[in-house]
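These features come from TrEMBL:
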{"type": "ACT_SITE", "residues": "Cys2", "note": "active site, nucleophile"}
{"type": "DOMAIN", "residues": "2-217", "note": "domain 'Glutamine amidotransferase type-2'"}
{"type": "DOMAIN", "residues": "282-421", "note": "domain 'SIS'"}
{"type": "DOMAIN", "residues": "454-596", "note": "domain 'SIS'"}
{"type": "ACT_SITE", "residues": "Lys601", "note": "active site, for Fru-6P isomerization activity"}
Amino acid sequence: MCGIVGVLGDHEVAPILVEALKRLEYRGYDSAGIATVNAGRLDRRRAVGKLVNLSDLLVHDPLAGKSGIGHTRWATHGAPSIANAHPHRARRVAVVHNGIIENFRALRDELVAQGAGFESDTDTETVAHLAQVFLDQGLAPREAAERTLERLEGAFALLFLFEGEDDLMIAARKGSPLAVGHGEGEMFVGSDAIALAPLTHRITYLEEGDRAIVTRAGAQFFDDQGRPVNREIRTIEIDATRVEKGGYKHFMAKEIAEQPSVMGDALRHYISESGEIVLPGGGIDFTRVSRLTMVACGTAYLACMTAKYWIEQLAGLPVDVDIASEFRYREPPIPEGTLAVFVSQSGETADTLAALRYCADKAQRIVSVVNVPESSIARESDLALPILAGAEISVASTKGFTCQLAVLALVALEAARQRGTLDAPTLARHIEDLRSMPGRLNAALATEPRTEAIARLLSEATDVLFLGRGAMYPLALEGALKLKEISYIHAEGYASGELKHGPIALVDNTVPVIVLAPHDRLFDKTVSNMQEVMARGGKVLLVTDARGAAEAGEGVWQCLAMPEVPELFAPILYALPAQMLAYHTAVAKGTDVDQPRNLAKSVTVE
Ligand code: G6P
């Protein structure tokens, strides 16, 4: 949450900062701002709301300078306002920050007592005032920044810019990601490599506790004890076309449509031509694993819940699935033989990272399933399994989810192979079925016009229920999550069999009930639950296949027929109607689909 960027350039820097912030807007869009040093003079511009407001402001009130920092905000301390927008500044220093300074109240009291005048409600402003105190004591910018950092508790990626210093930025990382980009006589800093992609592909990631002293001549890196350290420069290839809308109205629409192709990429990466599963880095020895603990947040958590059905059923391994923010403070015992698996699209989610570190401290082997291969979670894992979905920009995860499912399905099949719980022909059939998924996803996408028509009706509702049984239960939760996060319609997902234990009280003829029910071995059971809804006047949208529609489609409010899919992998395919329903409902309601209110894509605070 919050994106930060810095440039020591050889051109006017304001437009470059704004372009880079555009690529970070997925991290927050409550306000945006930039600061520059021009002929030694520090100045800033800030605007509330989306980045476009800052761009407009800069047209009327430009900001000159070839050195600058910028920020796009997801509010934690203090409402979205100009005063609370970054960069924050004291007299001779400006800072941008991603994270939370946990001891800011004590620091603020101390600084106010020394006469500092605060303008904002933020934790970040303390950092600027603290640095100013050290500058006033006669310390050089580098020492002032160092002394400031020593006083800070919490999590941060910070970037300092100083009055009178046209050729200096100081970056620091503790808990929040930060990357330094190397150009030709220019240097860059950003929250991620995507922000810097058009500027340079040569990236150094700061390690935990690192500081970087950046000038146009290059960057020097120091660890948290101030010792000089070498940090590798990597060449990061980011496909720029995956960060553009490519003719679609929204990134979400593009990312939904991309699913057959990116899943094809992921499957080709993990399945050899002869049909064997190949996990990188020596894979996982499942003969030594007796249980799995899977930890994640949001949609990634629901991918883990789905994988639990697969891994338990196919490989006979018990699986615990945990929400990262709960796991990290519960201090759960990790018995011998546990494999800890962390799933995260961004690879930067603060709670998931903290849960990973908890397990790493217990000498666990860490496996992660991530989309961003250079992310903190990937880099701190013993084995990172990339999902290869390409940049996902829309805040609501779509292709990230289905590619997570595809990789987790492969993990389940590989576990089953090693443990001998599936015979060779059955295993080969499942792998072939998985390989057929991109084609089936294409067929599911072809139902979009019908989904759109139903979504227009759904957009009238104020409450919606999703039901699913077995591995369709996590998908019911995902369908409800998607719908609520982008259309703001209240939605809940339930296990079909649980309906009569409470939620059925909500059913009346104003509450659409979306039943996710492929014609599988649990179909009759789910249909019974659906009948219970209809008997109480509920309006059912049955999402099923041709057989399901023929058997149970009569009398329902709406029926949406999906292509046939092997039972095991139905959750992957049925994710698409759930996504399309949410998308078109949000479009019908006119909400901001890609950047829904109050949310951010990369949640780097607790
Ligand atoms: C946020 C996003 C979700 C995402 C969740 C976990 O809430 O809006 O789409 O599922 O974070 O993110 P991660 O990057 O760890 O998968």
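Note: Cβ is positioned from N, Cα and C throughout, glycine not excepted.
As the structure is a computational prediction, the values presented were derived from the model and not from experiment.
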Per DSSP, the domain 'SIS' (282-421) contains 65 helix, 27 strand, 48 coil
As a whole number of Å, the Cα atom of Lys601 (active site, for Fru-6P isomerization activity) is distant from the Cα atom of Cys2 (active site, nucleophile) by 10
Averaging pLDDT over all residues of the domain 'Glutamine amidotransferase type-2' (2-217) gives 95
